[in-house]
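*Asks:* Provided herewith is a single structure, encoded as structure tokens, for subsequent inquiry.
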Amino acid sequence: MLCFVRFQAGFVRIIVAARKRFRYFLMAAEDRSEELSSNVENGSCNSNEGINPETSSHWIENVVKVRKPYTVTKQREKWSEEEHDRFLEAIKLYGRGWRQIQEHIGTKTAVQIRSHAQKFFSKMAQEADSRSEGSVKAIVIPPPRPKRKPAHPYPRKSPVPYTQSPPPNLSAMEKGTKSPTSVLSSFGSEDQVNRCSSPNSCTSDIQSIGATSIDKKNNYTTSKQPFKDDSDIGSTPISSITLFGKIVLVAEESHKPSSYNDDDLKQMTCQENHYSGMLVDTNLSLGVWETFCTGSNAFGSVTEASENLEKSAEPISSSWKRLSSLEKQGSCNPVNASGFRPYKRCLSEREVTSSLTLVASDEKKSQRARIC
């Protein structure tokens, strides 16, 4: 309890002393402000007189700093009324030609004339709304001068597109085919024209290649209905067109036959079936199994076997009967048209090999009988 009472008494003493010091500082500040005001008025400043060393630092912080007087270092020349009148006359005569206005006035430089004109024009624009029309004559502000063209400008694209003349070969093709220049290809060969025998049989390069291969292989077949020549059908104008990077041959039919025979229709349908088979099985390593739709035998394993028999062995009636039965089975009928063609080819090859082994065994038996 005694400690607490002593602490409380000491704290009260500190507060009372702080109040006394604060009152003293306030009184001293009022006296200092009065002295400063009197010194500023009289032009004398005796700051060290009547100041205690304890309060000197505090007064230095609170002293109002006097701003340094502003001195104009740049001498701005004013425009007289005579110079301004000459300026207005020169603007009416020369517009924004500052060099000519400088010669007309004679006392101002071009830079000064330009700055004066900018200020004058802005002032005229502000006073244009408030000014009455009859009081003061309006001064016409000259339009700004056009910008100088650059001496060395950057290269720019020409506004007119460059039109390139088509090559002579292309123009010659246009006259013959009467087709637009943007789609025609610049190279057309006679081989592509002669590939197709009729417009119905080929319309692209893939079909034309298939047609040429069939024409070459038809020499080995024994067909009852020969193909028609190009001279019989008639020359048709053919134009080559590039679509998505591929060359397509388009044949324009000059005249179509009025009526088709039954044989021609069968031949055309069989050719379409053959082309579909060629397109599907071109990449197969086992080969192509073709149906005998054109009325002729194919170049498959059956015909090869028959040719080998004709060249090598003597004619045997039983073997030829078996081969003829196999050829009849491979003819064009709806049953054999469907199914997996390589599998059918394998079956036919097995039958042919079995028939060949039988023929060879018969020959050996006959030779043994003759030797005995």
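Glycine is treated like the rest: Cβ placed from N, Cα and C.
What you are looking at is a predicted structure, and each value in this text was computed from that prediction instead of being measured.
Got these off Swiss-Prot a minute ago, pasting:
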{"type": "DNA_BIND", "residues": "98-121", "note": "DNA-binding region"}
{"type": "COMPBIAS", "residues": "145-155", "note": "compositional bias 'Basic residues'"}
{"type": "COMPBIAS", "residues": "156-169", "note": "compositional bias 'Pro residues'"}
{"type": "COMPBIAS", "residues": "178-204", "note": "compositional bias 'Polar residues'"}
{"type": "DOMAIN", "residues": "71-125", "note": "domain 'HTH myb-type'"}
{"type": "REGION", "residues": "124-204", "note": "region 'Disordered'"}
*Asks:* Report the DSSP secondary-structure composition of the DNA-binding region (98-121) as helix, strand and coil residue counts.
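*Replies:* The DNA-binding region (98-121) comes out at 20 helix, 0 strand, 4 coil.
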*Asks:* When DSSP states are grouped into helix, strand and coil, how many residues of the compositional bias 'Basic residues' (145-155) land in each?
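*Replies:* The compositional bias 'Basic residues' (145-155) comes out at 0 helix, 0 strand, 11 coil.
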*Asks:* Return the average pLDDT for the DNA-binding region (98-121) as a whole number.
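*Replies:* Over the DNA-binding region (98-121), the predicted model scores a mean pLDDT of 92.
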